[in-house]
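Since the structure comes first, as structure tokens, the remarks are kept for the end.
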Amino acid sequence: MELMQFVTRVVMEKVMAAVLEEKTVGEDGVTRKREIGLVLGRYTNMDSRTASLPCLVVIMLLVSSTTPTQAQLTPTFYDNSCPRALNTIRTVIRSAVSAERRMAASLIRLHFHDCFVQGCDASILLDDSSSIRSEKNALPNQNSARGYQVIDRAKAQVESICPGVVSCADILAVAARDASVAVGGPSWTVKLGRKDSTTASPDLANSDLPSFTASLDTLIDRFAKKGLSARDMVALSGSHTIGQARCLAFRGRIYDNSSDIDAGFASTRRRRCPTDASGDGNLAPLDLVTPNSFDNNYFKNLIQRKGLLHSDQVLFSGGSTDSIVTEYSKNPNTFKSDFASAMIKMGDINPLTGSLGEIRRLCSAVN
């Protein structure tokens, strides 16, 4: 009997600590959990002769009733509630990429920039409002992130068949996969069931999204903080096998005359990227060889010192990721497989599920 009382007391103390430390959403939830903490405090301070397992059970049930429900992401999430959702999204993405191949890169990047700020919650899609400071105006996104209108079209199409069912966050995740496939890249099974945020954070966008001037150590650290390995980081950087960058982002690299850039490559890029701000918006392909196809030429370029961005070339500059770049340059299938796996991992970053978040009617505004 004494052993049972001891176990009961210890478990109640652990539960109380968990309740008091748990992050809550909404003032009501916080108030109730604090009240429960006080109740638990009374029970854990009572004499061991009066401690009882039934009391513990009742308290634990009360605690569980106040904890926000969190569901697991699953590829089959919309199979019953909106079975035509994925085909509808795919049609919109294929059409957009067919009209502009660069859009594939933009949509993959949009998903990436979403997941690295607050998690994969479509916060990047919110416009400025009386209650929202938009991430679209953060330095890494301003005049850079694009594809919003494609996501809006996909959302409108899905809403027409299943109103209020499919989240913008899930549409972003599916769009990235479909964009990859549309330009010859890998496919992967997208886990679904994310909800949309009711907040955005340009400050986090400025601090958490990696810069085009980032060092290798900084890149590894930024990705590690999101649960992604150095190998994941190199694989995801391989998305630069498609798309373009603005002169503003690579001017410093092509004019600094450093030893880690091919002289002929730098000379070519200077033709459309003057030293003054007049050419800030001029574009150049991230992959010099096959800018519109998803392949492993990006890594071959790095070995030849022809990475367009500083944050590209540091992946192959005598550091810890050189061997990964070399491997991907020789084995395109390994690269594509690792890229798909890394995209799945990235899609798991802090999603809102269950009772958290909402399903926005318009991706650019909270309900």
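Cβ coordinates come from backbone N, Cα and C, glycine included.
Residues annotated as domain 'Plant heme peroxidase family profile' in TrEMBL: 72-367.
The annotation disulfide bond is assigned in TrEMBL to CYS82-CYS162 (among others).
Cβ contacts within 10 Å of ARG109 (site 'Transition state stabilizer'), excluding its own Cβ and spanning all protein chains shown: 22. According to TrEMBL, the feature site 'Transition state stabilizer' maps to ARG109.
Around the Cβ of HIS113 (active site, proton acceptor), 22 further Cβ atoms fall within 10 Å across all displayed protein chains. Positions annotated as active site, proton acceptor by TrEMBL: HIS113.
Around VAL117 (Ca(2+) 1 binding site), the same-chain residues six or more apart in sequence whose CB sits under 8 Å from its CB are SER123, ILE124, GLU135, ALA200, SER201, LEU204, ALA205, ASP208, LEU209, listed in sequence order. The annotation Ca(2+) 1 binding site is assigned in TrEMBL to ASP114, VAL117, GLY119, ASP121, SER123, GLU135.
If you look up TrEMBL, you'll see CYS115-CYS120 (among others) marked as disulfide bond. Residue density at CYS120 (disulfide bond): 28 other Cβ atoms are found within 10 A of its Cβ, drawing on all protein chains shown.
CYS363 (disulfide bond) counts 23 other C-beta atoms within 10 Å of its own C-beta, drawing on all protein chains shown. What TrEMBL records for CYS168-CYS363 (among others) is disulfide bond.
For THR241, ASP287, THR290, ASP295, the entry in TrEMBL reads Ca(2+) 2 binding site. Every protein chain considered, the tally of other Cβ atoms within 10 Å of the Cβ of ASP287 (Ca(2+) 2 binding site) stands at 27.
According to TrEMBL, the feature disulfide bond maps to CYS247-CYS273 (among others).
For ARG109 (site 'Transition state stabilizer'), the nearest neighbour among the binding-site residues GLY119, THR241, THR290, judged by Cα separation, is THR241. Within 8 Å of the centroid defined by the CB atoms of THR241, ASP287, THR290, ASP295, the record's Ca(2+) 2 site, lie the Cβ atoms of ILE242, VAL289, PRO291, ASN292, SER293, PHE294, ASN296, ASN297, TYR298, excluding the listed residues themselves. Note on proximity: among CYS247, THR290, CYS363, the recorded positions of the record, the Cα nearest GLY119 (Ca(2+) 1 binding site) is that of CYS363.
When other Cβ atoms within 10 Å of the Cβ of CYS82 (disulfide bond) are tallied across all protein chains shown, the result is 19.
Sequence-distant neighbours of THR241 (Ca(2+) 2 binding site) (same chain, 6+ residues apart, CB-CB distance under 8 A): LEU286, ASP287, THR290, SER293, PHE294, ASP295, ASN296, ASN297, TYR298.
Counting only the Cα atoms, the space from CYS115 (disulfide bond) to ASP121 (Ca(2+) 1 binding site) is about 7 angstrom. Taking CA atoms as the reference points, ASP121 (Ca(2+) 1 binding site) and CYS363 (disulfide bond) are 11 Å apart.
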